[in-house]
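Taken from TrEMBL, the feature domain 'PPIase FKBP-type' applies to 50-138, 165-251. TrEMBL lists 351-384 with the feature repeat 'TPR'.
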Amino acid sequence: MTTDQELPPDGQSTTALFTAKGIDVTPNKDQGVIKIVKRLGHAGDRPMIGDKVTVHYTGRLLNRKKFDCTHDRKEPFSFNVGKGQVLKAWDVGVSSMERGEVAVFLCKPEYAYGVAGNPDKIPPNSAVVFEIELLDFHAESLTNDGGILRRIKVKGEGFSNPNEGAKVHVHLEGSCGGRLFDCRDVSFVVGEAEDKGVPFGVDRAMDQMQKGECCLLYLQSKYAFGSEGKAEFKIGPNKDVEYEVTLKDFQRAKECWEMDLNEKLQLAAEVKIKGNQYFKAGRHFQAVIQYQRIVSWLEMECSAKPEEQKRIQDFLLKSHLNLALCYLRMKEPSHVVENCNKVIELDEHNEKALYRRGKARLLRNEFSLAMTDFQQVLQKNTSNRAARAQIAICQNKIKEHHEQDKRIYANMFQKFAEQDAKSTSIFVRTSTGKTHYNF
């Protein structure tokens, strides 16, 4: 129902107005949040759980006294709907709105500020009224690069999530350009989803889902089927896809603290094989996950038994070396340096770690540091031709940068000289006999 009426001056009339013309938007229909639409929005989509919404709002007591307003601050307010970041009334009310809509909500205390109220602003056990304008909303990003976006259709149960190595049972519906290409129930191990033809992006979303949750995932091509595409599903290269995913059930893998050292060493051997398989197949993201699991299990472990301690250090050294190599292929030099440093802590003159760190530093244009690493490789192994070639590259790069600096400074000094040449000394004899110099 649409109305342009302002709030009546007293609380009883306000309540009567909402009772007569409002709509109860609470899931339980308990009259906790009653809505009157002042301006219709753009017909279509409404915010889903987890969506980032941006609103303008004004909050008033039933006597029309204003206690908060974004318009006064000249800045809208944003939050993730359905995540408990704001008043319960807001999660309920905003979920009922369309983009561009303006609505007024009468909110009972249990949906607003409760029995306590808000000191100096909201009296205890007070109903309040909010006028809200929904400016915009968009899906929640699960990655820093926005490559995996999620919108939750049905909220899951509880607070437990699948972890790395958990076995999950899901229902999938994949589509591309409006065409449904995948519809099935499937089980897989988190971190190994691609073994079942499930995209990497779906795998990465698992640890943020709860049992019973149904969500939409929007995957950029790098998190879907990449530059290769998926012939089985008739998906071409570099295609973005959408998946509707329902997490039907899962069994969490043991956490680090739940395993003894023997279990960790046994699992590390299995996971290392899996990581190597992914690396050989060019699945560097997936390989990183496996090697990181080994590090998380063993980095804080130590054993009084020399043989076990040697196995621990061997797994850590090889995992960090493999991580460095993966990150080198992924063009992430900072992670390469970080993992190489871990290896060098264990083995000061490790040839592979020094070489890979040098390559990473070369990518970061740290030519002198890179050359130092390659020189240390040659001290360890004088026959390492690759290191010798990299030293030559570093020397050329350093020379190029010196030449570039010379040109920059030469041009700079030339401009200064030209400006000086154009400056002319002028003197003017005035009637008072004083001379003024202008340059």
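Glycine is no exception: its Cβ is also placed from the backbone N, Cα and C atoms.
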Exercise for review: Sort out the residues at least 6 away from either end of the repeat 'TPR' (351-384), same chain, that have Cβ-Cβ distances under 8 Å to it, and list them.
Suggested key: 320-321, 324-325, 327-328, 331, 333-334, 336-337, 340-341, 343-344, 390-391, 393-395, 397-398, 401
Check your understanding: How do the residues of the repeat 'TPR' (351-384) split into helix, strand and coil according to DSSP?
Key -> 27 helix, 0 strand, 7 coil
Point to revise | Predicted model, mean pLDDT over the repeat 'TPR' (351-384) | key: 96
Review point. Could you count the residues of the domain 'PPIase FKBP-type' (165-251) that DSSP puts in helix, in strand and in coil?
Key: 19 helix, 40 strand, 28 coil
Point to revise | Composition by DSSP (helix, strand, coil) of residues within the domain 'PPIase FKBP-type' (50-138) | key: 14 helix, 37 strand, 38 coil
